[in-house]
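Feature annotations, courtesy of TrEMBL:
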BINDING   R145, 168-171, 234-236, 287-290, R470, 481-482  substrate binding site
BINDING   E164, K325, 384-393, Y395, E445, K472, D478  ATP binding site
BINDING   E164, N166, E388  Mg(2+) binding site
DOMAIN    224-322  domain 'Glutathione synthase substrate-binding'
Amino acid sequence: MESCSKCLSELFYPRLTAMAANGIPEDVLMDHDLIKDLVDVAKDSALLNGVLMRTKETPNSSEVVTYAPFTLFPSPVPKAIFHQALAVQTHYNRLVDKISQDSSFLEEALASTIKVDDFTGRLFNIYRHVLQEGKTQSIVLGLNRSDYMLDQNGDGSASLKQIEINTIAASFGGLASHTPNIHRHILKVAGRLEDSKRILDNNPSAGLAKGLAKAWDLYGSERAVVLVLVEELQRNIFDHRYVENELWKRNIPVIRRQFEDVSKTGFLDQDKRLFVDGREVAIVYFRNGYMPQNYTEQNWEARLMMERSMAVKCPDISTHLAGTKKVQQELARPGVLERFFPGEPDVVDQIRATFAGLYTLDMGPEGDKTVAMALAKPDQFVLKPQREGGGNNIYGAEICQVLEGVKQSTERMTYILMDKVQPRPVHNYLLRLGTPLKLSTCLSELGVFGAYVRHGQDMVLNECAGHLLRTKSDEHSDGGVAAGVAVLDNPLLV
């Protein structure tokens, strides 16, 4: 064991000093007896705190559950950057809401994408249908999550850069509400009481439920339910349940259904009120419907019916489209943010400060320039298709393969190009069922939840609803917790 720990030390000591300065010191990370004990404590703590998932083998049964994957230690995040991310969230809420109301902007921004990307095109057809028919519901509910990484500057400082904003099915607010206690406990057992006090309280499930409850109140029917639209495989059910339970505490009834159930039993009455299984639906909370494989023809028809209905949609179709990668890229163009925030230069500056470089791949000289730039230095960029759900982005040499294949065709317009954010790696242990324990070089992504409700023209709720830190080994370029790559984490503010 001694020789093993010696080679481990030689392998990691030189690179561990950065972590030591800010986060968990290397003597703790390298103390193998302590780590072994802490891992057992950590897994039990996760189970005690309800940070749970169903197993791959039985995704639709809670007879057997396991801990959701998480880091052994919290990861260092600079305090100023963390607070910057929280502070800009209410501005992002307003931005998403303003985009969703600007049909000419959405039409312009997505014109090239909907010609070549069938999925975005189908969503846009529903949007046009609803627009022509006239919106039936003046209550708008947005629950989103803006994701960031910390880009290393030449001088050693870091800056906050947005990776994307998720306007549909933003996950892990439930589980993230219960991870702080795990890391506090681990740090105490490790003899690091002062560090344990630096773990912040965090309760996104209450913040997200507050938005749902506000919209349900405005809908004005005590019998009407919140319908959570869920996937067929429900490994991450406990993340949902925490938000649902917050609603039940307020005596707001919740039902869970799939697209197929809506197709079979759903209908609109003469006032366009939505009924599913004979129950009036006040809110459709989409935790599904963000990927092409979520839709059959029947499911597309069910989505259209829900969009046409009086039910509050979370998100409605225009808010869903506001979260596309193409819209993200268009927002980075000069003057676009000013269009949405006239006379609010401070808000524009705060949002723009979080943008990474974003580039169009539309046909024409500007797109040609983007292609040439990406082919010349592929390691400096990420190629992003119009997809959600993690694991879709393209990196490095693969960018060249893809672009060489599509550079002369309109198919390239299904992507955007973004500067690759270069975060400072830290070291940590990633705890995941069935994975051997090892010290990994890790990268983290900070998510900030937003909740807003607009009634007609009045913004009646606009809040930052909490945060989420996810961490993955630097061996993986892309993918989230649900994709089996990242794990749950907590910021240790430094």
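One is the number of the first residue shown, and numbering goes on along the chain from there.
Here the Cβ of each residue, glycine as well, is placed from N, Cα and C on the backbone.
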**Message:** With the cut-off set at 10 Å between Cβ atoms, which of these binding-site residues ends up with the most neighbours? Options: G289, G390.
**Reply:** G289
**Item:** Same-chain residues at least 6 apart in sequence whose Cβ lies under 8 Å from N166 (Mg(2+) binding site)
**Value:** N144, R145, S146, D147, G323, E388
**G289 (substrate binding site) to Q386 (ATP binding site) - Cα separation in whole Å** = 14
**Prompt:** What residue among the binding-site residues S171, Q386, N392 has the most other CB atoms lying within 10 A of its CB?
**Reply:** Q386
**Request:** By CA-CA distance, flag whichever of K384, G390, Y395 among the binding-site residues is nearest to A482 (substrate binding site).
**Result:** G390
**Request:** Using a 10 angstroms cut-off on Cβ to Cβ distances, just flag whichever of A169, A482 is the loneliest among these binding-site residues.
**Result:** A482
**Asked** Between N392 (ATP binding site) and S171 (substrate binding site), how far is it from one CA atom to the other, in Å?
**Response** 17
**Item:** Number of Cβ atoms other than its own within 10 Å, given for R145 (substrate binding site)
**Value:** 27
**Asked** Can you tell me how far the Cα of K384 (ATP binding site) sits from the Cα of R287 (substrate binding site), in Å?
**Response** 22
**Message:** If I take the alpha carbons of Y395 (ATP binding site) and A169 (substrate binding site), what is the distance between them in whole Å?
**Reply:** 25
**Complete:** Candidates A169, S171, R235, R287 (binding-site residues); nearest Cα to K472 (ATP binding site) turns out to be S171
**Message:** Can you tell me which of the binding-site residues E164, Q386, G390 is spatially closest to R235 (substrate binding site)? Compare CA atoms only.
**Reply:** G390
